[in-house]
């Protein structure tokens, strides 16, 4: 049986590293919780899992 290949390089697009600190770039969905990020559009943030939409002011 083949082993796991490792993590996807696309995961690193969600985080920013500044020295010793790691911060999230995208907003976390308030309904789904940790691990689910919201997509950023021109006028709103949308969760692809539950469909929650937060409009920007």
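Note that Cβ sites are derived from N, Cα and C of the backbone, with glycine treated the same way.
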According to Swiss-Prot, which of these ranges is zinc finger: 7-28, 29-50?
29-50
Of 29, 32, 47, 50 (the binding-site residues), the residue whose Cβ has the fewest other Cβ atoms within 10 Å:
50
What are the other residues, in sequence order, whose C-beta lies within 8 angstroms of the center of the C-beta atoms of 29, 32, 47, 50 at the Zn(2+) site?
30, 31, 33, 36, 38, 48, 49, 51, 52
Which bits of the chain, at least 6 residues beyond where the zinc finger (29-50) starts or stops, bring a Cβ under 8 A of a Cβ in it?
14, 56
